[in-house]
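Enquirer: Take this structure, written in structure tokens, and hold onto it; I'll ask about it next.
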Amino acid sequence: MRLRLSIDLVMTILMLLAFAYQLTGNMAHEFIGFSMALIFLSHNTFNYRWYTALTKITYSPTVITRSIINIILLSITVMLTISGILNSHIIFSRPQTEGYLATRQFHTLMAYWFLILSSLHLGMHWKMIMAFVWRRTGIAWTGHSRTNFLRILSVSIAVCGAISSFDRGILSKLTAEYSFDYWNFDEFTMGFFAEYIAIMGMYSCFAYYALKLFKKLAQPRAPSIERRSRRHE
């Protein structure tokens, strides 16, 4: 479990660095992308049992949601990797033709969808991740105080994520209306990463609480007091 979480953490850091193209430059960006592809392959290798269990599990609404997001994320990662190879300046040396610009825009489109889907994927497994963290750190904070704190924290992250999404123009990038992303790294480098972390946090919170709602709705309702009394009449 520790190794899997370490791999996921490294992949998250690399993803944030990949968006900072103006900071890293092209060569570092390509090596980051190549490393992400290898780490994503390792992540799927560690979780190969999920693929083998697809034909054996019972498909509840929660399982269906998880499966759809995972399959879409896998497809986007493949397209992101292929478009990254086609745009590579290290592998190919060619002028910026119309075809090159089209594949570059497609690569950017897939990158932002990867950001959203990987954040949703993270949120779907957040309960498992936090259980591991609580267990390893020995923190035994339970009860209403912990629940209220986490809810306030989630709302704060969601608000910051929504503001950052508007600031970075995420919607226009998810619809390929606008792909250029500028940030003055000479002024405030950490602000760039803070905004993208907030965006990831917002979608992770959404996935976490959406799954909790799905599970709650899927649970059979206990018979009311009135129904119970009728049964005994």
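All residue numbers here begin at 1 and follow the chain in the order shown.
Even glycines carry a Cβ here, placed using N, Cα and C.
Got these off TrEMBL a minute ago, pasting:
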TRANSMEM  7-25  transmembrane segment
TRANSMEM  31-48  transmembrane segment
TRANSMEM  68-90  transmembrane segment
TRANSMEM  110-129  transmembrane segment
TRANSMEM  149-171  transmembrane segment
TRANSMEM  191-211  transmembrane segment
Enquirer: Flag the pair the transmembrane segment (191-211) / the transmembrane segment (110-129) as in contact if three or more Cβ pairs fall under 8 Å (sequence separation 6 or more).
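Expert: With 3 or more qualifying Cβ pairs, these stretches touch.
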Enquirer: Any residues 6+ beyond the ends of the transmembrane segment (31-48) with a Cβ under 8 Å from its own?
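Expert: Those are 3-4, 7-8, 10-11, 14-15, 17-18, 24, 74, 77, 81, 84, in sequence order.
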